[in-house]
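Visitor: Okay, these came from TrEMBL:
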- 1-569: domain 'Major facilitator superfamily (MFS) profile' (DOMAIN)
- 392-461: domain 'Kazal-like' (DOMAIN)
- 41-62: transmembrane segment (TRANSMEM)
- 69-90: transmembrane segment (TRANSMEM)
- 138-163: transmembrane segment (TRANSMEM)
- 175-203: transmembrane segment (TRANSMEM)
- 223-247: transmembrane segment (TRANSMEM)
- 282-301: transmembrane segment (TRANSMEM)
- 321-342: transmembrane segment (TRANSMEM)
- 354-374: transmembrane segment (TRANSMEM)
Amino acid sequence: QFFVFCHGLLQLSQLLVSGYLKSSISTIERRYGLSSQTSGLLASFNEVGNTLLIVFVSYFGSRVHRPRLIGCGAILVSLAGFLMSLPHFITGPYEYDQSVASTFSNTTNLCQPGAPGAWANLSDASCTPLASRENHEVLLVMFVAQALLGIGGVPIQPFGISYIDDFASERNSPLYLGILFSVTVIGPGVAFMLGSAMLRFYVDIDKVGAAEVQLTNKDPRWVGAWWLGFLVAASLVALSALPYFFFPREMPKEVGEVLHTHASVEPKCFPVVLLRNLRHPAYLLVVLAQVNISAMVAGLATFMGKFLERQFSLTASLANMIIGAVNIPGAMVGIVVGGAILKRFQMSLRQCSALCVLGMLLCLLTAFPLLFLGCPTQKVAGVTYWDSSGFGHHDMECSAQCRCPEKGFNPICGSNGVEYTSPCSAGCSNVNVHADGSVLNYTGCSCIAGLGLARPGSCGTACSHLFVPFVVLSCLAGILASTSHTPSFMLILRSIQPEDKSFAVGIQFMLLRVLGCGTGAVVRAVALGPWCILWERRCDRRAACRYYDNTLFRKRYLGLQFFFEVGAF
């Protein structure tokens, strides 16, 4: 039981490292100007190191000192976590688009007709060869860290699961594994909560004083302290690794069971064992179903935050909070309920599979309405909205004399309900500021009919009333889908030969990683690329996306989730 406790703790902190990246991915995109494709690849790159090794390591499962290998893996994971935060310390402070009104700088981004070229090259100033090289170094460090994270994670799950299943009594084994799996699910939840907490601090909290930061966390240019969470998570992993170096190679079996000893197993030929497991129909089908579910979960974890931010105009911090406090605990409840039903009714293998099918069917019925709950893209002048008063694509007469910078991005919301990419593009000539230097409103905006008033910040999407139903339904679908988690694992552990257990679980995790998480994240990164209607440009290349086509984004993203759910069913 102490081993189960330690293993739960280690899995929790390991998932904190990998899950935290997913919770801060939209922030890292903004900080280093990464595209969706690059960040999607980065988020799933740890699967590469993991996949290459997991089958071989788990094949040797019964012939090595499992606890010690788990400990060594954990040390690597901890190292990877510290490496992930390194880019923050080797790069300069974050420079955001300074075309924001402020009493500290003379650039107010207002309409200044008499100043030709006043805005010449706002964002190009930072386009030195050094800046683009810095970006390559950042990416290199992060990809290496992700590869290490994958390699370190290899022994942790297969060895832990087989070690517990070997020395626990057959009655208690499902309970222990259920506890571990629910921890596997809490892990990302805690990671998103950690993300939510850390992203409230400004990214350069260690480099600049609070007085110098003129952004609030609702500003679209705000970047939170993404690196802090990695330091916290990596330290936790290092602590959790210590007990593993003191566990015995084999434990006395819990009372009430015959021991299948692993020590006496004849070393078998690798391909024979591999084929024997892959030709097992129950094993193969269950793994394929789990592959679909893990592809769905990978997509939810990687892009759900961004999806909630865009659809319902939430801050990154709040979006993480929702995922961490609602969706993920929901999935955990499902896993525990599935395990409890198993133990209560002592289910046969056939009943286990019926439970899995029922769970997925109910999940499909709950998830279908989600495709229709969402917001249209907000009206952004010159991007998604052109009015009849001559504010057109080519002839933006109302602000033509202002000579606005193409790249300036400091969104404001006009009193007419239309969003403008900057005060200049709305033709605003005056700004009113609070005593502390923050902007109250803009006046004299020639493109805004009526009062010509605008407030700083995005208008947001006007359908916050759909947010609660969306969260409730998605949480319910998660609970139902995850009831199939423990029964599907039992189908695998009980239908294969005892001495192949470690190996079968290893192959299973490999397939889940490659086919599930890897393809899930990459497919979505590619699927999310084309729905961008306005890109931020950095040094003549595309960086992060400023505005998505919300309807397309919702249909493609949730449609893909639904597709994987049908596959699992």
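The backbone N, Cα and C atoms fix where each Cβ goes, glycine too.
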Visitor: Looking at 41-62, 175-203, 223-247, 321-342, 354-374, which one has the highest count of Cβ pairs under 8 angstroms to the transmembrane segment (138-163)?
Guide: 41-62
Visitor: Among the recorded stretches 41-62, 69-90, 354-374, which has the greatest number of Cβ pairs closer than 8 Å to the transmembrane segment (223-247)?
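Guide: Answer, by Cβ pair count: 69-90.
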Visitor: When you look at the transmembrane segment (321-342) alongside the transmembrane segment (175-203), do they share 3+ Cβ pairs under 8 Å, ignoring any pair fewer than 6 residues apart in sequence?
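Guide: Contact criterion met.
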Visitor: If you run through the domain 'Kazal-like' (392-461) with DSSP, how many residues end up as helix, strand and coil?
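Guide: Going through the domain 'Kazal-like' (392-461) residue by residue, I get 4 helix, 18 strand, 48 coil.
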Visitor: Where does the mean pLDDT land for the domain 'Kazal-like' (392-461)?
Guide: 81
